[in-house]
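According to TrEMBL:
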- F:74-146: domain 'Cyanate lyase C-terminal' (DOMAIN)
- F:87: active site (ACT_SITE)
- F:90: active site (ACT_SITE)
- F:113: active site (ACT_SITE)
């Protein structure tokens, strides 16, 4: 059984039961709904206690429960053709250079981790139309200048 | 003069002067530094009063000031090869399906606007290493079911 | 069941019954035929009352009716190889720069929404050969210059 | 001189003069502003009388005037990364299958011409935000079933 | 049933019967063999009387006959990897610029239609090896310079 | 000097002189205008006597004349974005499978050469609009079944 | 039945029987093993007497035998990801320009045919490690300078 | 000045001086030669004391020294066409799935950092031909299962 | 049976049995776990004695055992979308130019073989978080300057 | 100076002098003309004594001579659009699977080296048209089954 087949089966059960994602993530609990839904859609691993809860909820076999506990081959085809996902892609495409400039100036050479990372999505009521509020934070990981036995640093104090 | 030539000129001046982005965005002010830096890198338009401030700061000609006030052809080549920008791209690639599921369940059929949108980037101090904190919100735009003269709605109340 | 499998089933029934799209969209009604056909081809969501009508018409199961009510992963592979669809793609490719220039001059920095959008397709009789008449309108969405606490505006009046 | 060099020169002059596209298309006149702007951006040919007017307006050399009168190599790189142009691309990507189904049912096998084609863009005032109104019509061109010596037709009347 | 499944079925029958394409196109008749073979391979529509003949010949069901009468999603993956088809692709790739220059000089701004188009393929005996002789003609379609209320023309006579 | 620089120079001269392609190909003569124009656009080699004529006509240096006599790196970016050239590309994409089937049935396994090939383009007057008439023929080249020491043939006569 | 399904069946039988390619090509004989293996892998046509031998060897049905006798849609996805095939691809990528220069200088404007072509692969024993020895020859095909009524030649003798 | 222009200048000086990379990295010192060479080729940032040393060595201006101290837009076009670099690409392409399986089994869900990473390249003498010995280590970064308020763990102990 | 089907079967058995890769590679033994796991995932060949062990372990048929012994079509789609594998890809993309410069300076013109290659992956305990330690070595293969009858060498001694 | 600029300069001199490649490779000598021409076109390194000869022949500066002695970034854009080079690409695309099968059966798991490789191109006179005769040989490199401490071999003798 491939992971995409398990995803299709889970979506079939969700549809037949008429469950919402909220119902499902409340029942499984434990971690962020973004991660639980991601796992059920085949993009994340569910740790064992949660995989067991998901298996109970959906009536999965033991093998299917274990498949949920495996790390999938993550990622989807790009560029995204779906408008909702494309808007996020566009944000990266238009703002990428400015994010790079500002993060590097504030933190130095490195990246915001996409692994040691968390996020939440919330509805922000607004008179002119509600807004999707997304908060995320990722650990800043500085580039390691290896082979640096003399302790050379950016501030250049050692040179002075 | 093409916009990328103006960007190169601005970066040359910034480097020669030894200015930080913070110095520049403080001097220009008015709107978010993300947008000001984006404009100087060729991805956003600077409204007239800000284009004038930028021109004064960098000593630009009137034509260059006007070019900053034009809407550029936005976007950069994808996929991004730079690791810092790629991590954002990866977040979309891995989480896109879950974002779609959760936003559509909460808001209905539609998208989070990438145009009526705002964001901020901040440093979040953390004992195990500071984090990049990004907050963003975009207006939710529902798909318009046009030609709907009878006022058909998702809740189906009209049918009953 | 995947959405493309439901589309194939619906097309099989349409063919077996010998129904036209007009017959189908008249029977389902409610919203524009462009949207109803789009939904049956797997590109749009049918709201519940219409999904019920479609299910009755095609004799679909409750799960299939619910699948029609889900927001699909929209989009098709590009560039389109089919000549009819390609001509629209070509119009974007050839006229895109002029549309951008004229819309931005008239409306300012922003986009025409592809979400808050409606359209109609009609036959326009013509002595030298009938024409396809397409009318569409999309809400103009101005770029939000966020972080704009001082109310900086394009017209620059605040500066004076 | 390549056409893109002439476009850059024209945009430089437009910027230096502070002209709007409306000023330019009023001065050149004759045909739709969509076509005139398209020509100045390097996507259309200007017929001789209009090329002369454009040359007078911009102070172009005779060779540059003739270059405006040449048919350019049309088209731009796709997919468009600019949000304004991308929304049109997305409309084709999401609605292409429905357009194909409806046009073929109404007109038979063929295409809407992208050559014998006209369009207009207008502002449509609206209480909830003005809209971009686009009207376009293209001649329907039926596929020719060549080698049809017996006059075989879709209606099949000849067979009876 | 998808069109490619019908194509596979037709090729299976052709192979089992040992029929040549000539036998098949003679039996179906009516239009050019290029079109009939194209339709059986899933690239063209067969009008009703011919779809009936094809259905009789291949023993197809009524649904399959109707599928042959539908306009397929035309096109194949490009670039073609098969040498025979690639040679035609190469002819376009090498000669495209010259064709454009010569057709535009002779006919003006426009295209040769690929829709109002006919062609024939014949064997041309030759002492040094027979040749494939292809004749094709497509209607020239001039670009419409819409919004041309003053009757501006290329020859510029109106200006004088 | 690269070939594309020579092409740009030749087009500049053609424009400055106001020459048509017909004037140029009449002056150079010798071979098909398709080939001469192709060479001047950088896709074909001009043999020495013709390169000399072209050099005289355009006032080229000896090095430029020799460059015209070199075999260029043929081909242009694909898919073509220009509508005129795209229509030919589309003909290959839609008709490729049928051409392959019919040519292989008539000639056996092999290809129509794109090298030992000739073509002509002519205007075909027509009451409903003139047509572009293209005639081309290419030598059929049979696949060589090498290592065939026993003279195995398709007809299988040797087996009997 | 598609050709790739027949290939899979043939490989299943080969594996079940434990046959080597040498055993198979010896049994079928007639032409080069490169071609026979190519045909069984779906890239070449087997002429009738050999298709019959192959059918006898593998116990194929008459339809499968005929499928082997058909010209397949040749080619595989590129670039090749398999290291063995990639090395050949790399040879073309690195040496292509030099091959073009040397072949054109020796033979004139034209190509080495990939159709009227033969090759052999042999083991070349070598003290430092055996080598793969590949010999191939293809007919040189000169570009036809059509429309050459005056017999214009490269050597230019006619001009004198 | 763009970074690629600085790289070209540095390579010109290196060539004119006849310096080896070893000479250069010995003179600049401080960190691994892989990083120093990477910076001079435009892929890494040189911290200030090293940028100063590099500027002294190459006789660079202050602006050029500062450019070396900037974080470049990292990355190169892929797939690499150069054989030396391609072999590394191939190693990822062939071994990626096994590396993923083994690292995830040993470390759990996460990645090996490409940022907190070090490596060395050495010559390993060998009787049958010297070998390139590469040692690298990257910090393992576990996926953060955020929103995990209950301390759910993979081992499932909490559930018991 | 295709290789990917065998991989899916093996993964199903692994999951049902609850085996780790370590359990499997210990049971099969003989060569590096990287290679054994690679073979079970469809990227490597298992030599006969190991294929037999694997077949015994997984209860495979004789045909399946032989399939494990075949050289697969190696490689996976690129660029990798999975974050773990992407990080290796990124290392090549960012460091490729420096690796090329340093290896060529140390070894001369040539490559590090990806075939005569070995590697190991180990956990490296570290106070700030364990690290993935990868060691690899590949034989250096010098470009052969063939046709070198005079023994021309890089050192140029022969010239002196 | 970039390598492509040196190539352009060399081709300009070759054209101005009217030299053939034969003249040039005879003058430089030492190694195969394929390699010398490849180096002058920017795909190979010329060892020092040959770089000196080339520099003398073309009157190059010392820096240019050293650039010829550097290993270039090898490779060209693929797929090749030029017909001569494409035919080689096509040979790989059509014959790749058969070459893989036959080489692996004869030599075992491994590749034919594209580095320890030699080739020659010769004219083969032939009554029906001369042929391009290409001979090449590459060292076979067996995949190394590393971690093989027990001496496991394909023949399986150890197991017995």
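Residue positions begin at 1 at the first shown residue.
Here the Cβ of each residue, glycine as well, is placed from N, Cα and C on the backbone.
A separation of roughly 21 Å, to the nearest angstrom, links the Cα atoms of residue F:87 (active site) and residue F:113 (active site).
The helix, strand and coil residue counts that DSSP assigns across the domain 'Cyanate lyase C-terminal' (F:74-146) are 25 helix, 27 strand, 21 coil. A distance below 8 A between C-beta atoms marks F:113 as the active-site residues from F:87, F:90, F:113 lying next to chain G. Residue F:90 (active site) counts 24 other C-beta atoms within 10 Å of its own C-beta, drawing on all protein chains shown.
Around the Cβ of residue F:113 (active site), the same chain contributes F:138, F:139, F:140, F:141, each under 8 angstroms and 6 or more positions distant in sequence. The domain 'Cyanate lyase C-terminal' (F:74-146) scores a mean pLDDT of 97 in the predicted structure. Proximity to chain C (Cβ-Cβ under 8 A) holds for F:90 out of the active-site residues F:87, F:90, F:113.
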